[in-house]
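Here the structure comes first, spelled out in structure tokens, and everything after it is commentary.
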Amino acid sequence: MTDKLPLALFLMGPTASGKTELAIRLRQKFPVEIISVDSALIYKGMDIGTAKPDERELSLAPHRLIDILDPSESYSAADFRRDALQAMDDIVAEGKIPLLVGGTMLYYKALLEGLSPLPAANPEIRQQIEQEALTKGWSVLHDELKEIDPVSAARIHPNDPQRLSRALEVYRISGKTLTELTQTKGESLPYRVKQFAIAPKDRAELHRRIELRFDKMMEAGFEEEMKALYARKDLHPDLPSIRCVGYRQMWEYLDGECTRDEAVFRGVCATRQLAKRQITWLRSWDDLTWLDSDNIEQALETMSEAIASD
């Protein structure tokens, strides 16, 4: 049965590992179309701090699912799965192969395994939770979550109001915890998937790449990009867009919480931590072929052979 399913390629990896370069090279050799799997690239006007592919790169290899939302909006794993499946179907209908590229592991997981049947958001209950947070504080609500769902509470930081609110909301709507509901998996992906991950073999090299990229972003005008977002007045640090690595730290600088140099240092550290989490997740991933960032030619050959032999 799986032999009749269309082929899809996953190219995963930590930030600054060379995914975009490899994807563009691959598109120049094969009939693949790129779908971005990145929770930061979805936002318009957030180009420099997300290291979004530039005009030249996009002309060589257009990316779907970038620049689809305003930074004031939210986007869930369910939203991604819906949009990605539609994009994949469109690509296959054109006789091409979907190539999904990015580092948002939760999106890949949602796409592969489907989503558990969580209740839809309830604005009334959400408003009630936010009002409680104003009067009691999020730390008290986090303690409440510890009582009803210790597993989720261990994963959700007290300073993450979006996820904390959602966990409490799910329980109040359904009477079941987020942990209980997420153990029920949804519909699996109707594709034959070949999965690849690219990263430097040496962690110090990845750290060097991250620091270099952050410096280049600052030189390219990241501070000015951030100031434009800050000046809008309708954005705030609890939004998913502003919680993106780099943006949160630059917001703190513009808010007067730290100096510019401290913001850059914090941004680099936060990016390293993100990369570490991405690699940890990938190491537990099944059916994954690892590629070396320091040998793009070999990585290209490995992926090319996998496509040609299909």
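One is the number of the first residue shown, and numbering goes on along the chain from there.
Placed from the backbone N, Cα and C atoms, the Cβ positions cover glycine too.
Annotated by Swiss-Prot as region 'Interaction with substrate tRNA', the relevant range among 2-6, 162-166, 237-241 is 162-166. Among the ranges 141-146, 243-248, 285-290, the stretch that Swiss-Prot annotates as region 'Interaction with substrate tRNA' is 243-248.
In sequence order, Gly13, Pro14, Glu21, Gly103, Ile198, Arg209, Ser293 are the same-chain residues whose CB sits within 8 A of the CB centroid of Thr15, Ala16, Ser17, Gly18, Lys19, Thr20, the residues recorded for substrate being left out. When the binding-site residues Gly13, Pro14, Gly18 are scored by other C-beta atoms within 10 Å, Pro14 scores highest.
Taking Thr15, Ala16, Thr104 as the recorded positions under consideration, the smallest Cα distance to Arg126 (site 'Interaction with substrate tRNA') is found for Thr104.
In the three-state DSSP scheme, Arg126 (site 'Interaction with substrate tRNA') is classed as helix.
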